[in-house]
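Presented below is the structure to which this report refers.
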């Protein structure tokens, strides 16, 4: 048996059959294709009708050979040894190629701009972790220098990030003796003899930072860079949006100038709002007015002045830095603390902190929270790095980023730092300011060093309400993610439900529980999708070898006596029953139960199905189109055997078409191990199966063989 195809190649690809172009067909029942309106070339393709075994023989098919040496090499590479010995320090690759004339000016401008943003944001976000504001500046220096050596993204700005700091602050409230961060340098831990150990917030965030770094290095060793894909876009969006509201709730006391007790545990946002409302009669109007002015000025700059300036200069107006400078001067010369009782930042030490070994004994208590922070910070950092990589056409090594983040966090943990992360706002400003390479981060860290050595004490009189205002306005982009719910709802109801569940649980209950609920919702969404794979019956389009969904293509017509069942997805223990019931229902082997009448004599349609004993009079062949069958396991093969047995008992021929190599290899392994074998005629394409069945039936009934085109 041979198939002859006649192809007509045209110049205008918009021509369709509805334009009444005459159908050209030769006497050999060849197949004709319209590719455009005017034929410029014609050629024929003649081949035999293949069964899968014959095709494998003619094409010299063989299972890929993976010798022991290959497996060992792959194992070594997967553990991070080998390739990483040469590529684990990207600095060696890009620094010798640095083009001073092209890159230096942009890096200097971007570095200075980023440093200006680091100062207010670092001091503000550090308060979210219940540590002194100076820690935020440490994070803009120590881990950044390590990231320059190992990181692969030159455009993201590493340092403090609101969500990461808030998550670290949750751990601090659970395990530390929270001191008043507005007074004194709390870097020295205090211990209680024999009755138990009390840890300062600095000690807790240091061990959290160490634990996060260790997690990331272990993930790098096992090449788990793709683990960030476990957090879907809907989950990350819902989580960060809810976390931004958590951040705002934590700043309400400073925005309104009220004093409330520390809240910990679940439902923190609810309890905080209740406490703030109860203390509104004690509102500090001076702090509230300063907060309001700060928010209005920064918001007006972001909405009006920044777009205007960005068209004329790549250096933005450092309004946040101006806000803390002006706030400090007004507080210092106006005596805001003495006259109005406004809380100030307090003592800021000069110089660099003395390296201290983190409290290793705390690791078991913070391990779970540290893993949550690891996943969130890595996912957010990778997402931002990929955004800029797509714009500038370079590659990001996900596993190398794990090493860069892990080494940076481990090193920073000895210098009182919080786990660091990429900041969206700073990264965009750094990119727009002309950042080209990692030299930008070196310039930024150098300027931060100057602040740490000489300028830090100037900000001791800065009102905390100014920092709270900066935090609230900087979260506008995360608040606007609320609009993404509409997008997710339009694209997929399941994704929208993941967003809602993650958002509500994170907002109302707690951050870690919200992330866990989001992961469970994502897994549930994947399971729901696996239980609703795309299935359809295929029909032949005109006189071609194209077989398309009959419900979507009106020109596709089912062949008499043949049902072609298309299944998309995996066939495994979880979907085997769904596959069987859907196949039987589609081909008519199961028909809807008889329509009945209810008590009010209204017609009701039952959701159940019953067997149709007359199926063999309507269907003589069932072809299972496995072109989109991605995977099959042993229970899935057993379901195929059961389906074949039931259909054959009704005198229906079953054929398998389009299965890929791994699926066929799995079937062969199953047949070699099990006594009950799957014996199906397999074909490389649906059309081969159709032609084979038609010819077989024609020969069986001793009628002239006519190969349908």
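We count from 1, first residue shown onward.
Any Cβ shown, glycine's included, is placed from N, Cα and C.
Automatic, uncurated: that is what TrEMBL annotation is.
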Checklist outcome for this item: TrEMBL feature transmembrane segment, matched against 185-203, 204-222, 223-241, 242-260, maps to 204-222
Checklist outcome for this item: Among 402-425, 546-569, 570-593, TrEMBL marks as transmembrane the stretch 402-425
Checklist entry - Of 264-281, 336-353, 462-479, which range does TrEMBL call transmembrane segment? => result 462-479
Checklist entry - Given 71-90, 131-150, 151-170, 611-630, which one carries TrEMBL's transmembrane segment label? => result 131-150
Checklist outcome for this item: TrEMBL record, transmembrane segment, of the ranges 499-528, 649-678 the matching one is 499-528
Checklist entry - Looking at the ranges 52-68, 103-119, which is given as transmembrane segment in TrEMBL? => result 103-119
Item to check | Residues from the same chain, set at least six apart from the ends of the transmembrane segment (499-528), whose C-beta lies under 8 A from its own | outcome: 166-167, 170, 230-232, 234-235, 237-239, 241-243, 245-246, 265-270, 368-369, 372, 375-376, 484-485, 488, 574
Checklist outcome for this item: Looking only at the domain 'STAS' (552-693), mean pLDDT returns 85
Checklist entry - Looking only at residues six or more beyond either end of the transmembrane segment (370-390), which have a C-beta under 8 A from one in the stretch? => result 152-153, 155-156, 158, 161, 163-164, 167-168, 171, 208, 211-212, 215-216, 219, 227-228, 230-231, 236, 239-240, 396, 398, 401-402, 405, 419-422, 424, 427, 431, 511-512, 515
Checklist entry - Near the transmembrane segment (402-425), which residues from the same chain, at least 6 beyond its ends, have a CB less than 8 A from one of its CBs? => result 80, 84, 88, 117, 121, 126, 129, 131, 135-136, 138-139, 142-144, 146-147, 149-152, 156-161, 163-165, 168, 187, 202, 205-210, 212-220, 224-225, 352-353, 355-358, 370, 373-374, 376-378, 380-381, 384-385, 474, 477
Item to check | Selected stretch (most C-beta pairs under 8 A with the transmembrane segment (131-150)) from 285-305, 437-455, 462-479 | outcome: 437-455
Checklist entry - Per DSSP, what is the residue tally for the domain 'STAS' (552-693) in helix, strand and coil? => result 53 helix, 38 strand, 51 coil
